[in-house]
């Protein structure tokens with residue numbers, strides 16, 4: 001299959017389309033979370049129910065399709081990796097993201113992960129999960145594409161600014177205090193989101209490492225989701241003294257929504273993402289995260305009438321250009337590895353040590 005000068009198989013094309021769809025679903029999920037948090041449902045309770053439901057949905061498929069891939073002896077390193085992914089990437093990451101959503105907005109929460117590809121590229125290159133050789137033109141192309149995509153994402157993100165609202169009943173003396181408190185919450189929320197993105201970047205590379213030892217993405221997702229649910233329940237009990245939904249109104253409906261949306265839908269999306277990381281590497285998969293912001297912008301236009309300005313349109317174009325460059329570079333690298341050809345002087349020697 002030939003797409004815009006980038007030759008790819010049908011499986012690659014389906015993976016790319018699937019990653020686009022996953023980011024659109026994640027954008028809708030942010031709005032769903034904002035509604036639950038506004039209703040007073042604790043973020044930790046959402047994580048507990050969603051992760052448990054996700055694990056229960058994925059486990060039968062993991063057992064049926066990947067049982068032969070399960071290791072006979074579970075090494076301490078593999079167990080440690082699964083624990084870190086569960087505690088960091090499932091529990092702590094989502095806690096920071098939800099704390100950020102509470103203090104900022106779903107739009108900012110969708111925009112902040114745009115920093116992830118740059119973080120992941122640096123971490124993956126340092127740990128040799130991503131080819132990095134400055135003399136290689138494909139490495140330079142990946143760096144350029146990542147920077148272009150990141151620049152476009154920031155163009156889109158910076159159009160969204162906090163607009164602290166002041167109640168008309170507020171007295172003049174309280175107005176400055178209210179705005180000051182709102183700004184402090186906004187800054188704190190952005191800090192939470194940035195911390196969450198850093199944890200997410202480390203966790204994504206850790207997933208790639210775990211899949212090297214345990215090449216069963218469905219099983220990894222099911223195990224880490226269940227462990228993450230348990231860790232989150234323990235954290236809520238330690239922090240609040242009990243595991244609670246935070247509200248006595250429509251608990252059954254709230255739990256049902258979390259199970260359906262956060263468990264089934266997001267669980268399947270996360271599983272697809274993890275399997276893509278195992279096939280294509282953490283950097284390429286992370287390059288699609290900025291398109292969650294693009295989708296959120298179009299949703300805001302359609303349902304809330306928030307017009308997409310010229311700067312936002314330029315940012316979207318830059319994101320697609322950057323992604324295309326990365327896809328082209330990754331595709332060329334994959335061909336070189338698959339064909340085992342001797343590269344010309346204009347290309348790079350993939351057999352040469354990355355560090356001299």
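Just so it is clear, glycine is given a Cβ too, placed from its N, Cα and C backbone atoms.
Taking TrEMBL as the reference, the stretch among 146-166, 251-271 described by the feature transmembrane segment is residues 251-271. TrEMBL lists transmembrane segment at one of the ranges 77-96, 337-356, namely 77-96. With a threshold of 8 Å between CB atoms, the same-chain residues lying at least 6 positions outside the transmembrane segment (251-271) that come near it are 22, 25-26, 29, 32, 36, 39, 41, 46, 49-58, 217-218, 221, 225, 245.
Here the transmembrane segment (186-206) has Cβ contacts under 8 Å with residues 81, 84-85, 88-89, 92-97, 99-104, 108-109, 112-113, 115-116, 119-120, 123-124, 127, 129, 162, 164, 277, 282, 285-286 of the same chain, all six or more residues outside its ends. Under 8 Å from some Cβ of the transmembrane segment (44-65) lie the Cβ atoms of residues 33, 36, 90-91, 94-95, 98, 216, 218-219, 221-223, 225-226, 228-229, 232-233, 235-236, 239-240, 243-246, 255, 258-259, 261-264, 266-268, 270-271, all in the same chain and six or more residues away from its ends.
With a cut-off of 8 Å on Cβ pairs spaced 6 or more residues apart, the transmembrane segment (12-32) and the transmembrane segment (218-239) reach fewer than 3 such pairs and are scored as not touching.
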